[in-house]
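Chemist: Before we start, here is the structure in question, set down as C-alpha cells.
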Amino acid sequence: MVFSGIPFLFYFLPAALALYYLVPWKLKNLVLLVVSLIFYAWGEPVYILLMLFSILVDYTAGRVIHRYRGSGISKLALFCSIAANLGLLGFFKYSGFIAQNLAAVGIPVSFASLPLPIGISFYTFQTMSYSIDVYRGTAPVQKNIIAFGAFVSMFPQLIAGPIVRYSDIAAQLENRRITLDGVGEGAMRFIRGLAKKVLLANPIGLCWEAARGGADSVLGAWLGIGAFALQIYFDFSGYSDMAIGLGKMMGFDFPENFRAPYRSASISEFWRRWHITLGSWFRDYVYFPMGGSRCSRGRMVWNLAVVWLLTGLWHGAEWNFVAWGAYFGVFIAMEKLFLSGWLEKIPGKGGGLVRHGYALLVVLLGWVLFACNSLPSAFSYWQSLFSGPLWSGNALYTLSNYGLLFLLLIAVQLPWERWCSGLAEKWMKNRGGQAALCLGYVLLFGLCVAYLVDASFNPFLYFRF
Amino acid sequence: MKKTMAILFACLLLGGSLAGLLLPDRGFSPRERRNLAKLPKWSLNALFSGEFTKKFESYAQDQFPLRDVLISVKGTAEELLQKKENNGLYFGKDGYLLDGLADFSREKWQENLSYIRRFGENFHGKTVFLPVPTSAGAYPEKLPAFAPVTQQDALIGEAEKLCGSRVETADALPSLREGGEGLYFRLDHHMTMEGAFVLYQKAGEALGFDPLPRDAFTAKTVSRNFYGTYYAKAGRLTDAPDSIDILLPREEFSAAMTIQDTGETIPGLYSQKQLEGYDPYAVFLDGNHARVTIRTGAGNGRKLLVIKDSYAHTLVPLLAHHYEVIEMIDPRYYRQDLYAFAEEQEIDEALLVFGLANLDQETGLSTLYLGSEK
C-alpha cells in the first residue's frame, strides 16, 4: 500500500490508528506489528514470508550474540545474520543482474526472474544494523519478538525509509509517550509530506515523462532533467516526511532523512543532506570499519570506491546505478584530495555562487545516469543537454505549461526558515495566525485528496530499491 | 494549535472514511458517462494475485464522496497554476477545452482508413467519407501558445490519399476555420448543429444535392445545462454549461425515426425525453443505436446509408431534407452484412461520418469486413 492513495488514507490509516490508540500500552507493539503486516501484505501477500523470515533470523541472531558474547558462537551468529540478509537481497534483487552479466561474458546461468519484494532494501539494512550493533554492544538486545517484529515491519518507514536503526528507537519500543501535541505535529508533518508527493512531485513528474524519451532541444533537455531532480527530491522527501509524521503520531521519533540537499555547496555536503540515513548507514557499517579516511591516501580512495559502488548498486541492479554511484565516488574523492581546497579559495560571494553552482551541476548531470534506464540512453541524453537546437516549440510549451510549477518547487526550497523565523513565531502566538495555519493544512489536505481522486499518474519510484 | 491540528486531522480521516462507508455506492456516473467501479469480490485467490487490491483502489477512488466536485477542484487548481492542460485537454481561450490529438495513433488511424477504402471498393454505389475535425482543429487560434498538436489538415490529406479512388473524402476543415464562433461545444467533443451546418454544405457538394440556405432554419435552444465529456475529464469549478440549439426548418417538414434495436418509432428527429437524462446531446436522433431508419416527406425517392459515430447526430437531421430514407448504422453495435443490406434496401449512396478523435481508436469499422466482399 502506498501512503498517497485513498485506500491508505481513508481505510487503513483511520482503522490502524484507532486500534493503536484504543488498546492498552502492553498491546500497542502487537497492534503495530499486526497492522504493519497487513499493510505489507496488501501489496505483497506472498513476500510477507520473507519479512517474517528476516525478523526471525535477526531476532535469534541478536539473542545468540548476546548470550555467547565474546565467543566464536557470537561471531558465527553475526555472520549468519549478515549472510541471511545479504542472501535475501542478493537473491531477490541482484540474481537477474548477475546472471545477465555472466551470460554477457559467456557463462549462461538460469535464474528465476522474480519481482522485487517492496522495501526489501530498507528492512534488510535495518535488521542487519541491529545484529551488528548488538555485536558491537552499541544497542541492547531485544528479547521480546513482538517488539522486535514491530521494529522491523513498522509500516510508516517500511517501504521507502528513512532507514531507522534499532539503536534509534530501542528505548521508544519499550517506553514512549503519545501526546495530543505529538499527534498534531505528526499530522502537520504528514500533510506536508503528502502535499510534496501529490501536489508537487507527481505533477512535475509528468514533465520528465514527456522529456525522457529524448528532448528535441537543449532547453527541453534541461527542463526535463530539472523536472526529474525536483520530482525525485519531493517524492522521496515527501515519503520521509509522511513516515516521520506517522511515527510522531504513534510516539516514535524517526531520524531525519533530508535537509534541503539542493542547497549544498559540495558533493560531500550533498550526501550529508540527501537520504541521510542511507549515507550514514554506509559510513558506519562499511566506510569507517574499513578505515575511513584515517589511513593512507591510496587506502582512502579504495574505501571510497567500495562505498560508492555499493551505494550505487543499492539503488538498483543495473549498470547505470553502479555508474551513478561511481560518479559520486569520483567527485567525493576529488573533493577530499584537492577540489574542495581549490573551491574554498575562491573568495567572496562569487565563491559561494561557484561552489553551489558546481554542486548543483554535478548532481543534475548525475541524475541523468540515475533516470535513464541504460548507459547508452544516459549518454545520448547528456549529448542532448549540450548539442542540437537551443529551443523548440515543444520546449517553449513545456516552459509555459510547467513554468509556474518549476518556480514554486524551487521557491519552497529557499531558506525561508532563516529569512522569516521571527515571523513564523509571531504567527504561532497569534490566535488568528494559528487558525489560518490550521485552515491552510486542512485545505492542503483537501487539495491532495482532489488530486488523488482524479489521479491517473501516481507513480511509485522506489520499486527498484 | 498542535492539539487543534490533531483533532482536525482525525476529523478529516474519519469524515472521509465514514462518509465512504455510510453513503450508498453510486452505480453510474452521469458526469463521466461510465459505470463506476464496484466493491470487488473478496477471495483469497484474488488477494494473492494482487487483483483484489488493485480493484479496491479503483473502487475507493471512484466511490469517494464528492468525487465530481473534487475533480473540478483539481481542474481549477491546475488552471490557477497556469497549467495549459489537464488530463489530456488544453485549456483554450473563451472557455473552450480542446483536444489537440497530440497522442494520435497513426497505426490505428491507417488501419481504419484501410477499412473505409475496402468499403468503397466493395460498395456498389457512391461513397463519401466525411471526417469531423475536433474543435482544436477548427479553432487553432484558441490553443495555448506552442501547444503540441497533430495537424488535422494533414490527417485529412492523408485520408484523401489512403481511402482510394472509389471513396470521395470531403474536407470540411477550411470552411470550419472560416465559420466563426459557436461551431463546437466548449465542454464537449461534439459539434453544435451550427457546426454541422458547415458539414451539411460540404456533404451537399460531395453527394450532389443543393443544401438549403441557413436562413431556411431557425435556432431553438432546447437545453441550457449541458456538461459534456470534455468537462467530465478536465472541467473546472468555473465552467458554465453549454446550451444546445437545434435548427428547425421554417417550412413544414415531416420526418420520423425508427429505432430498429427496439422497434420504437419517434415522430421528428429529436428525442425530447433525452433532455432530462444525463446526456442531453442524445436529443439528436435519440443518441447511439445500432440501426436507425429515418423516413421523411422529401418525396424524391433518394436513399442514403450513413455509417457513423455520434458526430453525425447533428448532421443527419439536416441531410434528412434531401433523402426520403436514411439508414443510419453505428458499426460499433451493428454486426451484419452491410453490402447485402444496402442492395436489399436499394441504397446506392453511402456517407461515412466519423470524428477524427475516434479514428485512431476502435471504431467498429473493422466489422465492415464481415460483408460479402466481391
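Every residue gets a Cβ built from N, Cα and C, even glycine.
Automatic prediction, not curation, is the source of TrEMBL annotations.
Feature list, courtesy of TrEMBL:
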| type | residues | note |
| --- | --- | --- |
| TRANSMEM | A:6-23 | transmembrane segment |
| TRANSMEM | A:30-56 | transmembrane segment |
| TRANSMEM | A:76-95 | transmembrane segment |
| TRANSMEM | A:102-125 | transmembrane segment |
| TRANSMEM | A:145-167 | transmembrane segment |
| TRANSMEM | A:300-315 | transmembrane segment |
| TRANSMEM | A:321-339 | transmembrane segment |
| TRANSMEM | A:359-382 | transmembrane segment |
| TRANSMEM | A:394-414 | transmembrane segment |
| TRANSMEM | A:435-453 | transmembrane segment |
Chemist: Quick one: do the transmembrane segment (A:6-23) and the transmembrane segment (A:76-95) have at least 3 Cβ pairs under 8 Å, skipping pairs fewer than 6 apart in sequence?
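Modeler: Result for the transmembrane segment (A:6-23) with the transmembrane segment (A:76-95) is no.
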Chemist: So are the transmembrane segment (A:102-125) and the transmembrane segment (A:30-56) touching or not, going by 3+ C-beta pairs under 8 A with a sequence gap of 6 or more?
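Modeler: Counting Cβ pairs under 8 Å, at least 3, so yes.
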Chemist: Near the transmembrane segment (A:359-382), which residues from the same chain, at least 6 beyond its ends, have a CB less than 8 A from one of its CBs?
Modeler: 208, 212, 214-215, 221, 225-226, 228-229, 232, 261-262, 264-267, 269-270, 315, 318-321, 323-324, 327-328, 331
Chemist: Find the member of A:30-56, A:394-414, A:435-453 that has more C-beta pairs under 8 Å to the transmembrane segment (A:76-95) than any other listed stretch.
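Modeler: Looking at each of A:30-56, A:394-414, A:435-453 in turn, the most contacts to the transmembrane segment (A:76-95) are made by A:30-56.
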